[in-house]
Amino acid sequence: MITIIGSGRVGTAAAVIMGLLKIDTKILLIDIIKGLPQGEALDMNHMSSILGLDVEYFGSNEYKDMEGSDLVIVTAGLPRKPGMTREQLLEANAKIVSEIGKEIKRYAPNSVVILTTNPLDAMTYVMWKSTGFPRERVIGFSGVLDAGRLAYYAAKKLGVSPASILPIVLGQHGESMFPVPSKSFIHGVPLSRLLTEEQLKEVVEETVKAGARITELRGFSSNWGPGAGLALMAEAVKRDTKRSLIASVVLQGEYDVRDVPVEVPVILGRSGVLKVLEIELSAEERQKFMQSVEAIRKLIASIPSNYLQ
């Protein structure tokens, strides 16, 4: 069974897409708002019936109902509002994530955890600490979304399908993240050879600012992109596809970084992160990567210690 904690826009989008992809036959929605997850589950069950899907949705306000889940997806947290940075969400969401982590440890101690709560990398650290799980089973979602956005904007410039691009985005899910055109390929040819310097600059800027742009346009943050990315990660875990994806994971010596969650390429399977892939970076790329790592370190250092137990 897959449990999704948080029945807002991202959680429900993920639930719908996972149902359409038939990733599991049982999907549980948990939320603190009475009636919300139950109503969403009922509506989704009607969808399943109409489409002939062998997927059943459940709604609950009780964490104990996640017992037996092998995958827990956490989308709960305060949303990012127009003009708000991810860092401003830090303390409030650290409290929420810490409390949820303890409940996951209690009721789903063998699960793989994927979370979307912002600021993402710092919240991945909070979840890792509060559950006490191995780093392989606590995964920050954002890299799939960032890589997908890079592929979209690069494809628009080149007039090709986004599916033909293998994108790499590293660092923090936030203002210091950086796409790596020299390591993003179309059939072995890097984007840095296919796009002009000006085009590359535009693609990178569009990728970094994509989330804020969506929020500016409609007044609330993205949900369909994150929902699709979560479904892709859930599929890798549930079906043990051993697929390479970009995800935020606590590094333990890779890239000469320790105890900091950072967006990097990983192999994802049934037990979570099976391998962290280390790609060769130029001196300039490594400098940007380490700047991103330091930005995450500063966020982690500002988290109250009582949320890290």
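In case you wondered, yes, glycine gets a Cβ from its N, Cα and C as well.
Per Swiss-Prot, the features are:
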- His173: active site, proton acceptor (ACT_SITE)
- Gly6, Ser7, Gly8, Arg9, Val10, Gly11, Asp31, Asn93, Thr116, Thr117, Asn118: NAD(+) binding site (BINDING)
- Arg80, Arg86, Asn118, Arg149: substrate binding site (BINDING)
### Cα-Cα distance linking Arg149 (substrate binding site) and Asn118 (NAD(+) binding site), given in Å to the nearest integer
18
### Query
Looking only at Arg149, His173, the recorded positions on record, which one has the least crowded Cβ, with the fewest other Cβ atoms within 10 Å?
Arg149
### Task
Let me know the DSSP-derived helix, strand or coil state of Thr116 (NAD(+) binding site), please.
coil
### Message
Highest Cβ count within 10 Å among the binding-site residues Gly6, Gly8: which residue is it?
### Response
Gly6
### Summary
If you measure between the CA atoms of Thr116 (NAD(+) binding site) and the residue listed as 'active site, proton acceptor' and round to the nearest Å, you get 10
### Query
Taking Cα atoms as reference points, which of the binding-site residues Gly6, Gly8, Val10, Asp31 is nearest to the residue listed as 'active site, proton acceptor'?
Val10
### Query
Which whole-number value in Å describes the distance between the Cα atoms of Arg149 (substrate binding site) and Val10 (NAD(+) binding site)?
17
### Message
Let me check the 10 A CB neighbour count of Asp31 (NAD(+) binding site). How many other CB atoms are there?
### Response
22
### Task
Look up Gly6 (NAD(+) binding site) in the DSSP assignment and report helix, strand or coil.
coil
## Note on the structure
Mapped onto three states, the DSSP assignment of His173 (active site, proton acceptor) reads coil
### Query
Under a three-state reduction of DSSP output, how is Asp31 (NAD(+) binding site) classified: helix, strand, or coil?
coil
### Message
If the NAD(+) binders are Gly6, Ser7, Gly8, Arg9, Val10, Gly11, Asp31, Asn93, Thr116, Thr117, Asn118 per the record, what's the largest distance between their Cα atoms, in Å?
### Response
18
